[in-house]
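Have a look at the structure that comes next, please.
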C-alpha cells in the first residue's frame, strides 16, 4: 500500500470513529433529556393515562443510578399510588384467637410517668397498628389523678401511640376529646373527637392532621361516639354517634365522612331500640357494627350500614348466649334476632362480636354481673338462628378473679383475607379498689388465628399495694 492509500485509509477509519462517537453522544444526550422529563411522569394502571408523580402521596421514593460511558444518570422510579382501602377481601377463617400485644401500663405506672386513661382501642393503617385511649390530662403518680373516675372533663385528650407502646409523657395528643373514634382510609387518619358541655358538646372531624368539619349536639344530652375504630370503604368513612338518654330513647345517627368532611347523615332505622358504643368492622361492600343497648336489652344490637346509598338497618345478635353485662345466666337468657330481650338491659358495657357464616364469634365478661374476667367463643347458628346456644372453641382471656372492662374489634388486612382482632380494657383503681384515688387501665390484644393455641390468663397484673395512691 503506497503512502497516499495509507493516508486515505487512516482518514476513512478516523472519520468513521468520529461519526460513531458523535452519534453516541447524541444518543446519550437524548437519553439524559428523556429520563429527566420522564421522572415526573408514571403510567396509571387504572386507565393507562399519564399521571403526574409530584402531587400524589407516595409510599417510597427510589432512585436508580444508571452508568453510560462514564455519564451518571439518576432516574426516579415512580412509586405505587396510595389508594383508598376497600376491604373487599374475604374474612379469614379462624379457629380461635392468639395473643398479640399487652402494654402493661398500670404496672409501669408504679415507677414511671404514664398517662391516666380509659376507653382504649386499637386501629391500623395499611402498614402499622396503633393504640388509642382517652387521657385524663395527668399521669398516674400525680395528684391530678385523684377522682379520675369521671368520664367528661375538658382536659381529656385522645392519645395515640404505636401498638405496644404505653402512653408515656412523649405521647402525641391528637385532639381534645372525652369520646372518640379513629380510622385510616388508606391515605390518612380520620379522628372524630367529642368534647364540651354535656348539653352542647362539639364533635370535631380531623383528617390528615387538619380540622376539616364539625357538628354540634343535636339532642343536648351527651353527644357521644364509638370508643373504637370507625371504618372507611373507598374513601367514605362511617361513624355511629348517639345523643340522648343513656337509659331511655336516644337519637342515633350514622355519619358518612369523606376526607374529614361530613357528606351525609342517616338516622338509625330497623328494630334496634338503643344503640351506643358500637364496635364496627368492614363487611364489603358495607359496614357492620355490634353495639350496646343500655336501655332494654342485654343482647347486642346490630347496625348494618350501606356505604353506597346511605341506608341503615338494625336488629340484634341471634345468639341466646348474650354478650352484655349485666345479663341473665345462660340457661335463662334469650334473643330472637329482632328485638331487645328486656333482660337486665339498663346499664351495660362496650363489647363486640362478628358473623362467620351462620355462626357468630363473640367476647364477653365471664361474670354475668360485673366487669370481671373475659372469655371468647363461637356460637353455632348464633348469627342466623334465634336463641342459639351451642358454644364451641371457648377461650379464657382474663380469669374471673381479675377485672376487665370495655372491649372492641379492629380489622387487619392480610395478603389474602381480612383478620378480626379484639382488645380488652383492663380497668384498675376506683370504684372497686378504694386504696387509691385514681381510675386507669391497661390493655391486652388478641387476633384471629387459623392455627392451634394453648391456654392462659392475661390480667393487668399490677399489685395495687405497690401503686401510688
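Cβ coordinates come from backbone N, Cα and C, glycine included.
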Record says 293, 297 bind Ca(2+). Source is Swiss-Prot. Which of 304, 309, 313, 324 does it list for that same site?
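Swiss-Prot lists 293, 297 binding Ca(2+), and from 304, 309, 313, 324 it also lists 324.
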For residue 324 (Ca(2+) binding site), just count the other CB atoms lying within 10 A of its CB, please.
28
What three-state secondary structure does DSSP assign to residue 324 (Ca(2+) binding site)?
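Once the DSSP labels are grouped into three classes, residue 324 (Ca(2+) binding site) ends up as coil.
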Using the recorded Ca(2+) site (293, 297, 324) as reference, state which further residues of the same chain have their Cβ within 8 Å of the centre of those residues' Cβ atoms, listed in sequence order.
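Same chain, not in 293, 297, 324, Cβ within 8 Å: 274, 292, 294, 295, 296, 298, 299, 300, 301, 316, 322, 340, 341, 345, 348.
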Taking the Cα atoms as reference points, how far is residue 421 (disulfide bond) from residue 293 (Ca(2+) binding site) in Å?
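The separation of the Cα atoms works out to 22 Å.
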Using DSSP and collapsing to three states, where does residue 289 (disulfide bond) fall: helix, strand or coil?
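In three-state terms, residue 289 (disulfide bond) counts as strand.
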Reported as an integer number of Å, what is the Cα distance between residue 92 (disulfide bond) and residue 278 (disulfide bond)?
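Here the two Cα atoms lie 22 Å apart.
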Within 10 Å of each Cβ, count the other Cβ atoms and name the one among the disulfide-bonded residues 183, 318, 447 with the highest count.
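Top count of Cβ atoms within 10 Å goes to 183.
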Excluding near sequence neighbours, so keeping only residues 6 or more apart in the same chain, what lies with its CB under 8 A of residue 406 (active site, nucleophile)?
118, 119, 120, 227, 277, 349, 350, 351, 424, 425
